[in-house]
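Working notes for the structure below.
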Amino acid sequence: MKRYSVFAIAREALRYHQGWEKAWASPAPKSSYDVVIVGAGGHGLATAYYLGKNFGITNVAIIEKGWLGGGNTGRNTTIIRSNYLQDPSAAIYEKARSLYEDLSQDLNYNVMFSPRGLLMLAQTHHEVRGYLRTVHANNLQGVTTEWIGPEKVKELVPIMNIDGPRYPVLGALYQARGGTARHDAVAWGYARACSAMGMDIIQQCEVTGVRSANGVVTGVDTTKGYIGTKKLGIVVAGHSGQVADMAGFRLPVESLALQALVSEPIKPCMDVVVMANTVHGYMSQSDKGEMVIGGGTDGFNNFTQRGSFQHIEETLRALIETFPMISRLKMLRQWGGIVDMTGDRSPIISKTPLGNCFINCGWGTGGFKAIPGSGWAMAELVAKGEPGPLAEEFNMYRFREGRFIDESVAAGVAH
Amino acid sequence: MLILECPYCGVKAEETELAPGGEAHLKRFGPGSPDEDFEAYMFARKNPKGVHFERWRHAYGCGKWFLAARCTATLEVFGTYPAQTTEPPADIVAKIMAKRPDWKGYK
């Protein structure tokens, strides 16, 4: 891998940019690997990357049914934060956020991490109490967040209407080091680094079956033939239940559609991320100037990657009340992704009934922000066969034992 | 937009009139049940990519709960039926079989 640098740009500028190499190779699958990761989204690629970087395991294939980063990694609203209430969540999301801080240097790929600050608006007295509790919890967890009043909110976001008649802004939970990153670049950066370590990224290769014998996985059947493996990591989002079904176990997840949309680009008007959980919408401005908008999931099981129109309407209605100036913006694009939701709205990073098969799924509506931390924790689980401190609370048997990591109440619905 | 016919009042209701209620025909377990059964009742869901049976409520209509057979991969609706059933009625199953010959059945 040739490193990207200012000298590389200068060198290529002098030779008509003929020397740039492909960011990652696209080899045919080998007959077997030490580790096969199903799913080349952010989480799968990050898992592979930290397997190589932290544990020296590089005989790895990452197989992907579509194209790299084309699932939820390419469909989210790129928000990064770690202001969660429960300790296990705060630990893994803060690990992820701190890895994002120097991910561009680590990967030698600009992921455009922008710690521009993030606000979670409190618009009811109940929410004020909830966020104050979260601020105190965060301070104990070592996650820097603060409570700010409505005047400070207005100062940070002048375009916001803080005294709407129905839901006035009563304050906000502010994480100054939260922000956004370029979602595609995260997938591409990890992919390039994995490829440079000699890992095989195999796109357009759908898993059709999981073969096992005596309680251990021996390999996977794919649309490009059988691939043997010593260990299998399932790192899939919307279709996690389907892959688990092939492996012979059931997950406590349901797949729902989550939509997002962007407006036409406008001049810079908002340099923080704003989430409003009571009215249910969140918005940030991309570097291109588009307002990036997200809302809640649809209520019913859905695998079609398209959602219901009234949810977009609901989200926009809420945001227009909070940001009156966006009422005349044209919305350019709208899309949906399929998210796998668990009962407590926290992810699963877990051993499975199959001895050498591990699963990472259930990130629901908030996986993007967790990519580096999730990959870090999953790599440890796959390499050692046992979860480390970041992952152990997230095992899938918590639903049987009643040890929920309940973020559905703590974080509101939006992740 | 999803349109379901309410089996009670006969109204062809569109989504905004309805409230989704998750998977239908769950076997309920109460206090004293083994952990596995309780977990299965509370959290394990079939979540199929294909034929799915679900609970819906005609929230902004007659207010009653009913059940629907629907395809999660195409959003096609096979039919709706009253909630007072323990498994999908034969006519709905026949309708699904006709449209999805490779469907493995309700169990």
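Numbering starts at 1 and runs along the chain as displayed.
Using the three backbone atoms N, Cα and C, a Cβ is placed for every residue, glycine included.
Per TrEMBL, the features are as follows:
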- A:35-79: domain 'Rhodanese' (DOMAIN)
Residues from the same chain, set at least six apart from the ends of the domain 'Rhodanese' (A:35-79), whose C-beta lies under 8 A from its own: 24, 29, 107, 118, 178-184, 186-188, 190-191, 193-194, 197-207, 219-220, 222-223, 227, 229-238, 243, 260, 273, 275, 282, 284, 286, 292-294, 335-339, 360, 363, 367-372, 374-376, 378-380, 382-383
DSSP-assigned states of the domain 'Rhodanese' (A:35-79) in counts, ordered helix, strand, coil: 17 helix, 9 strand, 19 coil
For the domain 'Rhodanese' (A:35-79), the mean pLDDT of the predicted model: 97
